[in-house]
Amino acid sequence: MDGNLNALTTIFTEFYYWVTVVFMFLIHVGFCMYEVGVSRRRNHMHTLMKNIMIIPLVTVTFFFFGWWIYWAFPNFPFFGGLNHEMGDPNLPWSETMGTNLSDRITGVFWAAFLLFSWTAASIVSGSVIERIRSSALWVHAVLIGSVFWIIDAAWGWHYEGWMVKYLGYHDAYASGVIHAIAGGYALGVLMVLGPRLGKFAKNGTPRDIPPHNPWMVTIGIFLIYTGFWGFYAACNVPAISPEAIGGEITGTTWTATNIYLAPTSLSAITFNFLMSLSGGLMAAYVVSKGDAFWTFSGGLAGIITASAGNDLYHPIQAMIIGAIGVVIVYKLHYWVERRFKLDDAVGAVAVHGYSGVVGLIISGFVLWGAPSSPFEGYATINPIGQTLGAVIMFFVLGFLPGWIVAKMQNAAGALRIPEEVELQGLDYAEHHTYEDAKSEIIEADKAYLANK
Amino acid sequence: MSTIGLESWAVDLAEVGPVYPFQGWEVAMTIVGVVFWLGWHRIQYLRENEHLKNVRDIGDKEKIAKALERY
């Protein structure tokens with residue numbers, strides 16, 4: 001860190017990403033609360049453990065290979081080989097992947113991406129509760145969290161990614177690279193996994209399985225909103241000079257940028273986050289006829305729909321786009337549920353997957369012709385590139401891997417819990433151990449008292 | 001053609017102001033936004049009227065007494 005300005009910028013950037021990581025932890029807390037709140041009492045502990053163990057499993061695998069994929073894969077395998085120059089410093093045995101006083105950014109930047117990985121895995125986790133085997137989900141968590149989402153990030157969420165260069169792909173706050181892929185992946189798993197017992201009547205009519213604790217669900221989603229602030233900030237580079245970017249920008253004015261190093265501001269994304277949240281909440285309230293949980297999820301869906309272009313939209317555009325997205329997503333959710341007998345316990349495929357896809361397509365029109373990158377020769381943002389990008393995210397890197405791996409697990413009898421266990425509840429054994437332990441200690445205390 | 005008025009970032013940021021799409025349409029966008037907001041109140045008000053009317057018709061004394069017991 002030569003010079004005071006350089007030192008201040010480095011320390012500020014380090015602290016900035018660190019704060020976003022702490023904020024984003026709330027997303028995972030929110031997902032856990034939401035899942036447990038939605039699940040029935042007989043499945044609580046397993047539902048919670050299934051999601052909690054995503055944290056260590058995705059963390060260690062993201063350290064071992066996920067982070068390297070991001071730096072090595074921007075053009076691999078279609079437009080070039082592995083990028084060893086960028087990849088090697090991010091291998092787990094590299095000197096920069098540890099305490100190193102000449103690199104204060106890699107650790108916090110790695111962590112910011114890692115928290116996105118948890119989110120991607122957690123989105124899948126919610127949709128499959130109460131009937132998937134934890135062992136099966138944890139394999140999916142590693143695949144979506146440390147392999148597939150980070151491949152899509154290398155391709156479409158990296159300043160050198162081939163999707164950005166050739167398609168003009170633009171996805172500033174991850175409509176596609178996190179939400180569409182995770183929703184698509186969840187859909188692939190759900191197609192093989194099947195619905196919970198009793199979800200559909202004999203004539204195919206879906207039954208509602210209400211949450212056991214609505215307040216827990218409510219606080220859970222509000223925590224997700226809160227963590228989403230950190231997510232948005234983490235998608236930016238907080239302060240950088242045109243010289244450091246090394247692209248076409250002239251002059252000496254420093255700026256915040258999106259992940260593609262194209263200018264935006266924290267102020268812009270604060271406007272747009274709140275307006276798209278509001279548009280989503282208002283539209284969801286109307287379209288769901290005041291259903292509380294769809295209204296709350298609609299807020300999230302509104303943000304996700306607008307996220308692809310929230311670095312550039314006008315706040316009113318963000319509000320309207322959020323609202324339009326929610327209406328489409330809500331209708332699509334119930335159509336798919338009835339048509340394909342799909343039991344998505346938390347609506348994750350719709351709220352994340354469909355919103356992400358719709359958001360990408362809309363942004364292709366609204367931002368048509370805008371530069372996707374500060375570097376020369378990149379395609380500009382366009383509807384075809386954004387639509388192709390949505391297909392790659394939702395279907396190619398999301399749905400297909402989820403469906404194929406779930407098929408393999410199903411063939412091996414390793415995907416779904418036995419019917420008897422599903423009826424008794426996953427926590428059956430723990431409940432008995434708890435009750436036995438309780439009676440034993442009460443009896444022991446009574447005996448002690450009697451002998452005194 | 002670019003909806004944000006810039007076709008590349010080969011500019012001096014000191015000389016750049018707004019970069020949102022469809023600059024010049026702010027008043028029209030505000031009108032659309034206000035219509036959305038007022039429309040929401042209108043729809044919500046009518047639905048609430050209908051809901052309250054339906055609920056009012058459902059209640060008999062016994063049911064209301066039970067509801068009071070629930071606190």
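Even glycines carry a Cβ here, placed using N, Cα and C.
Annotation comment: TrEMBL describes A:15-34 (among others) as transmembrane segment. For the transmembrane segment (A:15-34), the residues of the chain that approach it from at least six positions outside its boundaries are 48, 51-52, 54-55, 105, 108-109, 111-112, 115-116, 118-119, 122-123, 125-126, 216-217, 219-231, 233-234, 238, 346, judged by C-beta separation under 8 angstroms.
Residues or ranges marked as domain 'Ammonium transporter AmtB-like' in TrEMBL: A:20-433.
Within the chain, the transmembrane segment (A:54-73) has long-range Cβ neighbours (under 8 A, six or more residues past its boundaries) at 28, 82-84, 86-87, 89-92, 97, 110, 113-114, 117-118, 121-122, 125, 138, 141-142, 145-147, 150-151, 153-155, 158. Residues annotated as transmembrane segment in TrEMBL: A:54-73 (among others).
If one looks beyond the transmembrane segment (A:107-129) by at least 6 residues along the same chain, the residues whose Cβ comes under 8 Å of a Cβ in the stretch are 14, 17-18, 20-21, 24-25, 27-28, 31, 34-35, 38-39, 43, 47, 50-51, 54-55, 58-59, 62-63, 66-67, 70, 90, 97, 137, 140-142, 144-146, 149-150, 153, 174, 178-179, 181-183, 185-186, 189-190, 193, 230-231, 234, 344-349, 352, 402. The transmembrane segment annotation in TrEMBL covers A:107-129 (among others).
Feature annotation from TrEMBL assigns transmembrane segment to A:136-157 (among others).
The transmembrane segment annotation in TrEMBL covers A:177-194 (among others). Distant neighbours of the transmembrane segment (A:177-194): 116, 119-121, 123-124, 127-128, 131-132, 140, 144, 148-149, 152-153, 156-157, 171, 304, 307, 340, 342-344, 348-357, 359-360, 390, 393-395, 397-407, 409-410, 415-416; these residues of the same chain sit at least 6 beyond its ends, with a Cβ under 8 Å from one of its Cβ atoms.
As annotated by TrEMBL, transmembrane segment applies to A:215-240 (among others).
Away from its own ends, the transmembrane segment (A:260-285) comes close to residues 158-159, 164, 170, 172-173, 225, 228-229, 232-233, 236-238, 240, 245, 247, 249, 294-303, 305-307, 310-313, 315-316, 318-327, 330, 371-375 of its chain (Cβ-Cβ under 8 Å, at least six residues beyond either end). According to TrEMBL, the feature transmembrane segment maps to A:260-285 (among others).
Residues 170-176, 179, 211, 214, 217-218, 221-222, 224-225, 228, 272-273, 275-281, 283-285, 317-318, 321-326, 329-330, 347, 350-352, 355-356, 358-360, 362-363, 366-367, 386 of the same chain sit 6 or more residues outside the transmembrane segment (A:292-309) yet have a Cβ under 8 Å from a Cβ within it. For A:292-309 (among others), the entry in TrEMBL reads transmembrane segment.
Panel annotation: around the transmembrane segment (A:315-333), residues 271-280, 282-284, 287-288, 294, 298, 301-306, 309, 344, 347, 349-351, 354-355, 358-359, 362-363, 366 of the same chain, lying at least six beyond its termini, place a Cβ under 8 Å from a Cβ of the stretch. Under the heading transmembrane segment, TrEMBL lists A:315-333 (among others).
What TrEMBL lists as transmembrane segment is A:345-368 (among others).
Taken from TrEMBL, the feature transmembrane segment applies to A:388-406 (among others).
Confidence in the domain 'Ammonium transporter AmtB-like' (A:20-433), given as mean pLDDT, stands at 97.
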